[in-house]
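Novice: Below is the structure I would like to discuss, written out as structure tokens.
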Amino acid sequence: MAAFEYKALDAKGRHKKGVIEGDNARQVRQRLKEQSLVPMEVVETQVKAARSRSQGFAFKRGISTPDLALITRQLATLVQSGMPLEECLRAVAEQSEKPRIRTMLVAVRAKVTEGYTLSDSLGDYPHVFDELFRSMVAAGEKSGHLDSVLERLADYAENRQKMRSKLQQAMIYPVVLVVFAVGIVAFLLAAVVPKIVGQFVQMGQALPASTQFLLDASDFLQHWGISLLVGLLMLIYLVRWLLTKPDIRLRWDRRVISLPVIGKIARGLNTARFARTLSICTSSAIPILDGMRVAVDVMTNQFVKQQVLAAAENVREGSSLRKALEQTKLFPPMMLHMIASGEQSGELEGMLTRAADNQDNSFESTVNIALGIFTPALIALMAGMVLFIVMATLMPILEMNNLMSR
């Protein structure tokens, strides 16, 4: 059976849409009529996906990490209960409240019922199920332990979401503070300063240097503020476009890695992802070289990716994993020692997991320390700027009071 998306009218003339399974479009139309619906459009999901791909869509946005973790966890639980895979996919699709996810799962189930493996069926949605996900599912299907593999994938997605949530929560306060500070300074320069200082200019009073500087800044902001904002947005767009060029992105990422604080954070994030992903791959009986290739895909820094791919080539030529990674000079000594211990004891999976946990904790600690320093410094800078504006605005008034008191 195939999956079809339909648009129909009910007895009251209201539009309805959804996903239904059937052998062909005619059968689906008949089933809709039996439900007192007038079919307006019935399209097989695979045909619709092909149309969408030609137009540049078809799940290119993917789905959120929490949604992926949820459907993976639900599927793992149902597979563990002994239900046939087709019924598990149907149940998860019916439980989903989001039409996009429901449509995707029904289409995946349709391919599974046609005889395709689950990993092949998921391959139609590469922006939702990445290579790590599909490779592990394929390994689970071959080994007969699909349920445990899905559980590990759900844990992996949930851990990534937790780390992302912690980082986002830590960044909320500084970002709000920056926006608030910029807003206050812009308001003072654009609205308050011209009205107060302008009175002294009209009186012909000589202004202190700080006040004159403030007035010039206010005039510049009023005349060129919008152009400056547009230019800034264009610059951001240009930088993002340039970073899509592989050679420029590689040089940029190499520079990022060499920075004092940001570089340490970037190394910690990428090495932790590598260790955790490789741990999951080895636990799913994926060969070490294939696991390294999959782990590289989840890393975000192109320079780190390049170095790890070179390390994978060294492993292929017979080097140990520890020595190959040590040559990159990107992995912390503790992680390298734990990997060496895992190779010698045959417990590489467990040691990689512990190394990833340690690196995650170190990453979180580094971020907290950096934000702990940055936030007070930002508050002090904001207070200094506001104080400068207030004092520069009040200085002509104080000078006038001194002249009048003499």
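Quick reminder: no glycine exception, Cβ is built from N, Cα and C everywhere.
Note that the coordinates shown come from a computational prediction; the quantities given were computed from them, not determined experimentally.
Grabbed the feature section from Swiss-Prot, which reads as follows:
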type	residues	note
BINDING	GLU97, GLU151, ASP155	Ca(2+) binding site
TOPO_DOM	1-171	topological domain 'Cytoplasmic'
TOPO_DOM	193-223	topological domain 'Periplasmic'
TOPO_DOM	245-368	topological domain 'Cytoplasmic'
TOPO_DOM	390-406	topological domain 'Periplasmic'
TRANSMEM	172-192	transmembrane segment
TRANSMEM	224-244	transmembrane segment
TRANSMEM	369-389	transmembrane segment
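Burial and contacts for the listed features, if you can.
Specialist: In this structure, GLU151 (Ca(2+) binding site) is part of a helix by DSSP. Summarising the environment of GLU151 (Ca(2+) binding site), the number of other Cβ atoms within 10 Å of its Cβ, over all protein chains shown, is 19.
For the topological domain 'Cytoplasmic' (1-171), the model gives a mean pLDDT of 80.
Taken through DSSP, the topological domain 'Periplasmic' (193-223) splits into 25 helix, 0 strand, 6 coil.
A Cβ distance under 8 Å defines the sequence-distant neighbours of the transmembrane segment (224-244), meaning residues of its chain 6+ beyond its ends; these are 186, 190, 252.
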Novice: Using a Cβ cut-off of under 8 Å, list the residues of the same chain at least 6 residues beyond the transmembrane segment (172-192) that approach it.
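Specialist: Residues 214, 217-218, 221-222, 225, 371, 374-375, 378-379, 381-382, 385-386, 389, 393 contact the transmembrane segment (172-192) from elsewhere in the chain.
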Novice: Within the same chain, where does the transmembrane segment (369-389) have neighbours whose Cβ lies under 8 angstroms from its own Cβ atoms, ignoring anything closer than 6 residues to its ends? I mean 6 or more beyond.
Specialist: 170-171, 173-174, 177-178, 180-181, 184-185, 188-189, 193, 210, 214, 261, 265
Novice: So if I draw a 10 Å sphere around the Cβ of GLU97 (Ca(2+) binding site), how many other Cβ atoms end up inside it?
Specialist: 7
Novice: Need the DSSP three-state call for GLU97 (Ca(2+) binding site) to compare against my parser.
Specialist: coil
